[in-house]
Amino acid sequence: MDDQPQASRHVPIAGVIGWPIAHSRSPILHGHWLKRYGIAGHYIPVPVAPEDLAEVLRAMPRMGFVGANVTIPHKESVLALADVVTDRAALIGAANTLIFRPDGKIHADNTDGYGFIANIRQHQPDWVPDLGPAAVIGAGGAARAVVASLLESGVTELRITNRTRIRAEQIRSEFGAKVVVYDWAEAGNMLDGAMTVVNATSMGMEGKPALRIPLDALAPGTLATDLVYTPLMTPFLEEAQARGCHIVDGLGMLLHQAAPGFERWFGRRPEVDDELRRAVLA
Ligand code: ATR
């Protein structure tokens, strides 16, 4: 360590590891904050093939990296390579934020659930998690983070449905009795009386079919949010809005999940505001 050049020790570098990584918006997001706060640091996309993950993670701290975000397909596999895994990352079964500690240990956390809740609170400050049941559509990796954060926020009944039912059953067995599984064929019924409804599938994303769940049971005043943010206004959000729901798009979750990592690596809690939104959308 001592023969490292000064620059690599003093200018912190963070990045995002994934495969492929070209489409990640994280470099724009963190780059915006670095520039805005005048911080001497770098944030770069790092393409890492699955077979190279362990070796790259060992090398990154020696190259001046203070941490990294993790995206597909490494979010699950980094858990086995980390020295310290937070409880929420273990419960979700995936990590999106790594901190390379000065003692050489790799600390893995998951801030997706935090980002999900912070996005709702920013755009719908009057939202009350325990006002009524929450309904989550989807049971993939992103849905697991949503489920964990909704339960942590105090939701008393969490309904979930998924095309592949076994994944929803798995979530119930891991997250406990507040979780109620609905069959995909009866997903519309799940919305009856729900006060919070979340699309955590990839349906509605550009180039993919729209979510085809009947939304007739959505009551006005329900909070509807989508994890998809390309497009910002998904067919699900459009219909929910037409039914009088309060809607929150998915971009803010991406922005907010990035904030804790930035603060740990670069020493300043960054703001999530319209300027950042515009920079990421540009
Ligand atoms: P992520 O980490 O983004 O959640 P994922 O783990 O691949 O990605 O999960 C994608 C989610 O979208 C799952 O709930 C998936 O349903 P399955 O578990 O049945 O695959 C859902 N999904 C994707 N395409 C779908 C489609 N055409 N119809 C229904 N659900 C779909």
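Glycine is treated like the rest: Cβ placed from N, Cα and C.
Annotation source TrEMBL lists domain 'Shikimate dehydrogenase substrate binding N-terminal' at 16-98.
On its own chain, N96 (shikimate binding site) has N69, V70, T71, K75, D109, N110, T111, D112, Q257 as residues at least 6 apart in sequence with a Cβ closer than 8 Å to its own Cβ. What TrEMBL lists as shikimate binding site is S24, R25, S26, T71, N96, D112, Y229, Q257.
There are 24 other CB atoms within 10 A of the CB of K75 (active site, proton acceptor), with all protein chains counted. Residues or ranges marked as active site, proton acceptor in TrEMBL: K75.
Marked as NADP(+) binding site by TrEMBL: D87, G138, A139, G140, G141, A142, N162, R163, T164, R165, I166, R167, L227, G250. In the three-state DSSP scheme, N162 (NADP(+) binding site) is classed as coil. Same-chain residues at least 6 positions away in sequence with a Cβ under 8 Å from that of N162 (NADP(+) binding site) are, in sequence order, I137, G138, A139, G140, A143, A168, W184, T201.
Taken from TrEMBL, the feature domain 'Quinate/shikimate 5-dehydrogenase/glutamyl-tRNA reductase' applies to 135-202.
Secondary structure of the domain 'SDH C-terminal' (250-273) per DSSP (helix as H, G, I; strand as E, B; remaining residues coil): 16 helix, 0 strand, 8 coil. Annotation comment: TrEMBL describes 250-273 as domain 'SDH C-terminal'.
Secondary structure of the domain 'Quinate/shikimate 5-dehydrogenase/glutamyl-tRNA reductase' (135-202), assigned with DSSP and counted as helix (H, G, I), strand (E, B) and coil, comes to 31 helix, 15 strand, 22 coil. With helix defined as DSSP H, G or I and strand as E or B, the domain 'Shikimate dehydrogenase substrate binding N-terminal' (16-98) counts 35 helix, 19 strand, 29 coil. The separation of R25 (shikimate binding site) from L227 (NADP(+) binding site), Cα to Cα, is 15 Å.
The shikimate site, placed at the center of the C-beta atoms of S24, R25, S26, T71, N96, D112, Y229, Q257, has further neighbours from the same chain whose C-beta lies within 8 angstroms: V16, N69, L254, A258. With a cut-off of 6 Å between Cβ and the nearest atom of ligand 1, the recorded positions T71, K75, N96, D112, L227, Q257 reduce to an empty set.
Using a 10 Å Cα-Cα cut-off around Y229 (shikimate binding site), the binding-site residues D87, G141, T164, I166 reduce to an empty set.
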